[in-house]
Amino acid sequence: MPALNHLLSAFLLAYLSITQAIASTVVIEVQDDRGHKVKLSQPAQRIVSLAPSTTELLFSAGAGKQVVGVVSYSNFPEEAQRITSVGSYNQVDLESVLALNPDLVVAWYSGNSPAAIEQLKRLGMPVYLTETRYLEQLPVTVRKLGLLTGHADSAEKIAEQLHQGLVTLKQQYSQQRPVRVFYQVWDEPLITINQENLISQVIELCGGQNVFADLNSIAPRISVEAVLQANPDVIIASGMEEQRPEWLDAWQYWPSLNAVKQQQLHFIPPDLIQRQTPRVLQGAILMCQQLAQTRQRLSKASNE
Amino acid sequence: MSNQQPTFKPALQRKQALYVLLLLSVAAMGSVALSLLSGSISVTFADLWQLLSHDQPTLTRTVVMELRLPRTLAALIVGAELAVAGCLMQVLLRNPLADPYVLGVSGGAAVGALCSISLGLGAFWISGSAFVGALVNLLLVFGLAHGQGSWSPTRLLLTGVVTASGWGAVVSFLLSIGEDSHLRGMLFWLMGDLSRASLAGVNLTVLLICLALSWALARPLNLMLRGELQAKALGVSVYPIQLTLYLLASALTASAVTQAGSVGFLGLVVPHILRLSIGTDHRVLLPAAALAGGTLLLLADTLARTLIAPQQLPVGVITAFIGVPMFLWVLQKSNRGQL
Amino acid sequence: MMNCLTAKQLKISISGKTICQQFDLQLNAGEVWGILGGNGAGKTTLLHTLAGFRAADQGEIRLFDQAIAQLKPRTRAQQMGFLLQDDQAQFPATVLETVLQGRHPHLGFWQWESPEDYLLAEQALLKVGLADYAHRPIEQLSGGERQRLKIATLLVQQPKVWLLDEPANHLDLHHQIELLSLLTAQIKVVQGCLLMSLHDLNLAQRFCDKLILLYPDQPPEQGCVADLLVEEKLSQLYQHPIRCLETDAGRVFIAG
């Protein structure tokens, strides 16, 4: 019965390959930051990243080489600047995205236009939406992106470092004597942040109190008088460039401010704190050091 | 019949006009006091009084003198400029829908300012380029409207409106390519914002000169509203007056826009509210518009600063919130007929 | 006899159509002139040119022996009043405010209206029957009332030379007769002159001393009423048969 045997084995083989095929259609499945399932049959090889922060997240997950499309201002790490651009995060050119024939799109929920994301999903594109509301989410996102891109191990390492870094800062600083912080996003118009903003959580992590935490909008515009009224112990600003903004020192005009009395006008490069990426850890370390300095000054002043 | 006493009392009418102006001045002063007293840091009337008598550098003093007073004066002056410019523009174009921005002055200024904002330049450059933009628009519209043929209000209006929409397109372009961190600044500028107001010496000079010149032309302006030919028939040199009006209205608008961005609505509504309530005599209307416009903008700005303090609203939003219902109410109550 | 308004060798054309050429005109003190012509014959254009609102192609117009083009608008308006055919009122104003505007050419730069000016305004409103309407908004007036308001403004202006573009417009029969009598009487008092365009041949017959006929297809003709108001000329003027009837109330013209 060699013929029958042959036939059977042929069937078996066919069966096996079919089940394998079925199984292989869903090899990787994760939930994105918005709770939607993202399924891939194999690790993504051609990734389009729709925000500077998602590009950074992908690179830190170890998937930098698979990124084939980015948006403008994707300036970190340096290699990202050489990748094809598909527009800006608020105006994505969908045709360029499609032309790159990606097998994964990583988008930014509160930055990209919902219509563009909807359109990509309708075209059958797997879309991972990032949205970082809490610092602890960052390592989780890195892990998931590692999983989707076939770098689970290296991503795990980075995520663990990030997690440990945040935990260490928390243990070291969050229970220290509170310092009243005014974080200045911009001067004209004068804009700060409320407690929903990730930066406010960094402030808390370092044992600071955001004096405008209770305002309603996430990036409220306030008056100079309101700052004078709140009388913060320290003013931290980012601005837009990599160097200290000139307008930060304009506060010297108000010697009655505690922050001016103690000479606590600090600068943190915007990319280290305003982007929701693993580099926030660097920004957080910087801020914790700055607040520690303020704390020192305050206790010295109260001793005198 | 010739030795009969007139039943119409000119003295009475002039007295009424004086009362109106007096009342508006009191309102303006009241709103100045209100503005100086309100803000995040509490300042009482007694504090204000003390400020006038002593000059020790206290926080209260610095807040009132350095933050509130310049902004208060700027609001007062910019409001006055816009209301007067609105009056003049409506006469020039003989169109009740005309406002200071209809000929594109604010559009030109906006393009200038937004360019500076998107380059990350400081307040001085923003104001400077806004002024240059307004000036470019002034020359452009004048040149185009003049053209080969004759200058008529309709031609001027069409040229201005089309130029303004051209500027609008450039503004949209700048907004869409603008860097994210600049966008808020751009939007606040477009909505009108007095937070960067500095001591408004230049504005005050422009206002006083333009107000004096236009007040000197007040009687001819009354005639211009009746139509170009009617004004000619009654001895008005129409063309020189149109030219003066164009320059005065543009100068006022340019100076207001440079200081505060495009604060909408004020220049359209204040002249109409006054026309409906105190009449069309520009000898009364122009000073009244200056006072009422200043008061309205100052009140709006005080509200913008304090309504959801410490958060700040753009003043243009408040002027519309106050202006629209006020205008509709006056229109309903008015028995001076429709526009 | 004093001549108030003269035109010499006048050529007027509008959009390529010549209205008159080498046209001489002399309006003397105390004279009432009428302009007759069909629609589009150029009555309004002729009046506007004579008033200096638009330039003539050729020729010269003199007002009391001064070239009208060289006169300051204010000086011109002190001597010459113009009743426009249409008015553009898009902004609110009261009847009194409007009628007082007639005083504009007589007031100095900084001068406000005096009680005398108000008295003149009141008298003018009484004459046209609008005294009770002084504080009404002009938008509430009927067409005829607006026409009377414009005439009142002219009365307040007190010019010597009156140019009226269809003064009978919108007026009912009673007011047509009353106001035209008032105006023509005024001419004799101030030793001025009056030139008006009319559509009603019977009004022309009743009030005018002299006429200008603007023919559609031949040069204009001027002369005494008696010479020009004849069936043959009028039929040609309007390109329509006109009949003249002798009645016990005088001559009456009707369209055939």
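Cβ atoms are placed via backbone N, Cα and C, with glycine included.
Those TrEMBL annotations? Automatic predictions, nothing curated.
Here TrEMBL gives transmembrane segment for one range in the set B:2-22, B:44-64, B:254-274: that range is B:254-274.
Here the transmembrane segment (B:100-119) does not lie next to the transmembrane segment (B:197-217) in space: the count of CB pairs under 8 Å, restricted to residues six or more apart, is fewer than 3. Distant neighbours of the transmembrane segment (B:313-331): 75, 188, 191-194, 260-266, 269-270, 272-273, 276-277, 296-297, 299-301, 303-304, 307, 338; these residues of the same chain sit at least 6 beyond its ends, with a Cβ under 8 Å from one of its Cβ atoms. For the transmembrane segment (B:197-217), the list of distant contacts is 70-71, 73-75, 77-78, 80-81, 84, 87-88, 123, 241, 244-245, 248, 251-252, 255-256, 259-260, 282-283, 286-287, 290: same-chain residues at least six beyond its ends, Cβ to Cβ under 8 Å.
Counted over residue pairs 6 or more apart, the CB atoms of the transmembrane segment (B:125-144) and the transmembrane segment (B:254-274) come under 8 Å in at least three pairs, which marks the two as touching. Sequence-distant contacts of the transmembrane segment (B:156-177), counting only residues of its own chain at least 6 positions beyond either end whose CB sits under 8 Å from a CB of the stretch, comprise 92-93, 95, 98, 101-104, 106-108, 110-111, 114-115, 118, 137, 140-141, 144-145, 183, 186-187, 190, 246.
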